[in-house]
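A quick write-up on the structure given underneath.
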Amino acid sequence: MHPRFQTAFATLSPLLQQAIRPILSSADFAGFISAQQADGVKQQCGLDDSELAFTLLPLAAACAVAPLSDFNVGAVARGKSGTLYFGANMEFVGATMQQTVHAEQSAVTHAWLRGESGLAGITVNYTPCGHCRQFMNELNSGTDLTIELPGRAAATLGHYLPDSFGPRDLAITTLLMDEVDHGIAPRGDKLEQAALAAANQSHAPYSGACSGVALQTRSGAIYAGRYAENAAFNPSLPPLQGALNLLNLGGEELSDIRRAVLAEASGAKLSQRSASAATLAALGCHDLITIPLVKM
């Protein structure tokens, strides 16, 4: 079990500890619990979906990287598949606040990058800020997404974001977590291929500036993130943050990044290059290359 979970794990009931210890102790645990594993825990502990998600919140919050605020937020997203995805806030010393990742963004993007096609609900230990409410409004679940908070009845995103503005107001029909293929040709080494594959599935209906980032750590592991645009623009999540999110939830250290590849279209209306380079430099990685997208 990763050391970061030990304090939160100690607060769980003995029965839940017994049920979840094998999952957390698995060498390949990467911050998500499969539908089959979740069903087993629920059956063993007599919990429903909502109760299990709430009990997992301290474990999700333990994944937070919050050197600026010292305020750990955890989220658990439940995919339509039944898989549970951890999310936690991330902050980066030496970068701007605009580069931070909110826990809800973390959980949603985690599910998306793992291939989930839609969310049934999300459970958070603190009320979602307006930024996150707007971010979640880009999802294909729309305002019907169920949000659960401690001490409150479950409510929809529409309850927390009345009179919302979203992709449908801009006649966008392909929503976040919908399956997409931009026809980008794969090429290069494994890290470059991962960045291109991420760009191929990115969500950029407003700018058309598809992009993906792939990171390689000291262990040789590769983590790739996709650009997730938002109808309100500012809540958009850059591809680097998606990759950093997977790396962190996978139990690796941000200081272990050795190489980075950004794949983006030449001559696009916007570029991720400067912001990605600045954030990576703050994390100690200066080996960033940019490769163009080529259509098949």
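Each residue's number is its place along the chain shown, starting with 1.
Placed from the backbone N, Cα and C atoms, the Cβ positions cover glycine too.
These figures come from a predicted structure and were not determined experimentally.
His102 is the residue from His102, His159 that Swiss-Prot records in the Zn(2+) site together with Cys129, Cys132. DSSP classifies Glu91 (substrate binding site) as coil under the three-state reduction.
Cβ-based crowding with a 10 Å cutoff singles out Glu104 as the top-ranked of the recorded positions Glu91, Glu104. It is 7 Å from the Cα atom of Met90 (substrate binding site) to that of His102 (Zn(2+) binding site). DSSP states for the domain 'CMP/dCMP-type deaminase 1' (48-168), grouped as helix (H, G, I), strand (E, B) and coil, give 43 helix, 26 strand, 52 coil. For His102 (Zn(2+) binding site), the same-chain residues lying six or more positions away in sequence with a CB closer than 8 A to its CB are Val73, Asn89, Cys129, His131, Cys132, Phe135.
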